[in-house]
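Notes for the one structure printed next.
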Amino acid sequence: MNIFQGTAFTLEERQIMGIQGLMPAAILTQEEQMVRVMTNFYKRSNDLDRYIYLMALQERNERLFYRVLCEHTEEMMPIVYTPTVGQACQEYGVTFRKPRGLFLSINDKGHLFEMMCNWPEQDVKAIVVTDGERILGLGDLGSYGMGIPVGKLSLYTALGGIVPEQCLPILLDVGTNNEKLLNDPLYIGLKRPRVKGQEYDDFVEEFMTSAVRKYGQNCLIQFEDFGNHNAFRFLEKYRDRYCTFNDDIQGTASVAAAGVFAALRITGKKLSDNVFVFQGAGEASIGIAQLIALAMEEEGTSTEEARSKIWMVDSRGLIVKNRPKGGVSGHKVDFAKDHEPVDKLEDVVSKLKPTVLIGAAAVPGAFTTKILKEMGEFNKRPVIFALSNPTSMSECTAEQAYQATEGRCVFASGSPFSPVQLNGKLYHPGQGNNAYIFPGVALGIIACGVRHVEDKIFLHSAKALADMVTQENLDEGRVYPPLNLIREVSVQIATKLAEDVYREGLATTYPEPANKEEFIRSHIYEPDYECFVPETWPWPQN
Ligand SMILES: NC(=O)C1=CN([C@@H]2O[C@H](COP(=O)(O)OP(=O)(O)OC[C@H]3O[C@@H](n4cnc5c(N)ncnc54)[C@H](OP(=O)(O)O)[C@@H]3O)[C@@H](O)[C@H]2O)C=CC1
Ligand SMILES: CC(=O)C(=O)O
Ligand SMILES: [Mg+2]
């Protein structure tokens with residue numbers, strides 16, 4: 001627990017703690033300290049330096065860090081989260097100051113429980129874990145991937161109001177196949193190729209059992225940025241045994257579905273009237289496709305018909321049955337079509353004339369001007385989501401999308417783009433990022449003591465998020481509420497979750513609260529300073 005409040009300690013607190021004189025005489029309020037933080041923040045000449053500055057602040061004065069994040073969310077998110085966190089991970093060896101989070105390496109197998117006991121906090125309620133194999137769209141960053149659990153958990157607190165001491169970032173170090181890192185003298189992880197197969201699975205299994213043994217069955221474990229050959233397997237393996245979800249599959253599905261639901265109010269179409277084309281058929285795309293299909297089914301469309309509206313393109317082209325370039329495996333099978341093979345996304349778009357185009361393949365520039373213009377020709381209001389992260393991996397920029405469609409597209413992206421001025425009108429692109437979802441879902445799960453995270457939770461969260469989009473937001477081109485409302489979004493998602501899980505008997509926190517929203521709000525961490533002066537101070541003398 002970090003209780004340092006710096007120059008905000010009052011005279012009494014300084015005397016009680018024996019630190020009077022160890023800091024200058026001026027006593028500042030948290031607001032005044034924030035002015036200093038923001039002044040320093042703006043003085044930094046680039047975002048990576050701003051990231052380093054904020055990480056140091058988090059280390060030094062946690063409450064001030066969270067206050068800054070809460071009050072300047074829109075400005076801070078691109079630094080502590082995507083895109084800058086991506087660069088920070090790539091340069092972790094240089095930016096590394098003090099370790100943050102728990103590093104469990106394959107060399108420690110057999111001792112993971114004892115290592116968890118080394119973590120100073122005892123009441124951990126949420127873990128974000130990665131093995132660093134697919135960090136954003138940047139690939140295998142091994143132990144440098146720790147920046148992601150650290151960043152995600154900062155948002156648990158800043159956006160979801162979860163107490164920082166209850167959050168534990170974990171990096172499972174099983175080596176890396178990234179040659180550059182293996183030759184990097186500053187690399188902080190094990191310099192060996194990734195462990196695979198049974199040894200890897202046993203290691204993850206030991207991690208799961210140790211986490212639950214140490215922190216209990218209700219401890220929420222969020223899988224983040226695993227390679228997709230492991231992500232889907234672990235989700236299936238653990239979803240009914242533990243309180244766990246995969247953010248890249250399920251959280252992303254939820255935020256993208258919310259964006260689609262809100263976009264329907266602009267296009268005036270029914271969900272099942274759309275033709276979806278996905279560039280990518282991995283964790284994000286498959287997760288979104290499955291949730292969209294589930295939403296169509298809830299509206300009365302058959303599973304077969306729902307899937308028939310969803311087309312996917314992977315690294316080998318359009319996913320069709322019997323394609324000559326190799327088979328179709330895993331969840332892709334559900335969306336494979338009886339159709340001739342088509343290799344290029346441009347040809348797929350020309351042939352299928354989608355109403356909704358979603359990119360999550362980390363192929364920068366994949367939405368070419370030709371594709372964007374055609375989307376504008378086929379549709380009065382084309383829906384275009386370029387979800388790959390960080391910004392350097394985006395399928396197109398917001399400006400490219402608006403320009404090619406004369407401002408008619410409904411656009412969202414995984415990493416933020418600034419508003420775009422076109423023909424005298426200002427367009428506000430949405431940030432289609434799972435950060436709108438996982439903090440609220442985590443808040444609800446933790447508050448209600450949910451044991452298993454069902455898919456329905458993500459569908460209902462998507463609807464709760466879409467319901468918060470006002471007509472004014474839509475008129476500005478937004479399919480998500482502005483980022484400065486994201487804490488309130490989390491409260492609404494968690495409240496909806498609480499209503500559902502108590503109704504369905506899935507909550508374990510008793511007694512059942514009568515007013516769910518009040519109950520959720522009562523769990524929210526506020527970063528105001530604590531008072532360390534006992535009520536009886538000065539102590540009565542005998
Ligand atoms: N906005 C958000 O909230 C989120 C964004 N993302 C972003 O989405 C991106 C993908 O993540 P994720 O789905 O987890 O990654 P995966 O590795 O699971 O999937 C990547 C997919 O892209 C496909 N692909 C690769 N190259 C091409 C190509 N040239 N043409 C078409 N498809 C291609 C792969 O094909 P194949 O199957 O053949 O290998 C695979 O299906 C990342 O940039 C990530 O940051 C992820 C989660 C959340
Ligand atoms: C946002 C996120 O989770 C990703 O890009 O992986
Ligand atoms: Mg992720």
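Glycine is no exception: its Cβ is also placed from the backbone N, Cα and C atoms.
Heads up, TrEMBL stuff is auto-annotated, nobody curated it.
Between the candidates D184, D201, D248, TrEMBL assigns the divalent metal cation site shared with E224, D225 to D248. Listed recorded positions: Y81, N389, N433. Those with a CB atom under 6 Å from ligand 2: N389, N433.
Checking Cα-Cα distances from K152 (active site, proton acceptor) against the binding-site residues (R134, E224, D248, N433) with a 10 Å cut-off leaves E224, in sequence order.
Here nothing among the recorded positions Y81, N389, N433 falls inside 10 Å of the CA of D225 (divalent metal cation binding site). Listed in sequence order, the recorded positions near E224 (divalent metal cation binding site) (C-alpha within 10 Å of its C-alpha) are R134, out of Y81, R134, N389, N433.
Residues D248, N389, N433, taken from the recorded positions Y81, D248, N389, N433, are distinguished by a CB atom under 6 angstroms from ligand 1. The record assigns R134, N389, N433 to the (S)-malate site; their largest pairwise CA distance measures 16 Å. D248 (divalent metal cation binding site) and N433 ((S)-malate binding site) are 10 Å apart (CA-CA, integer value).
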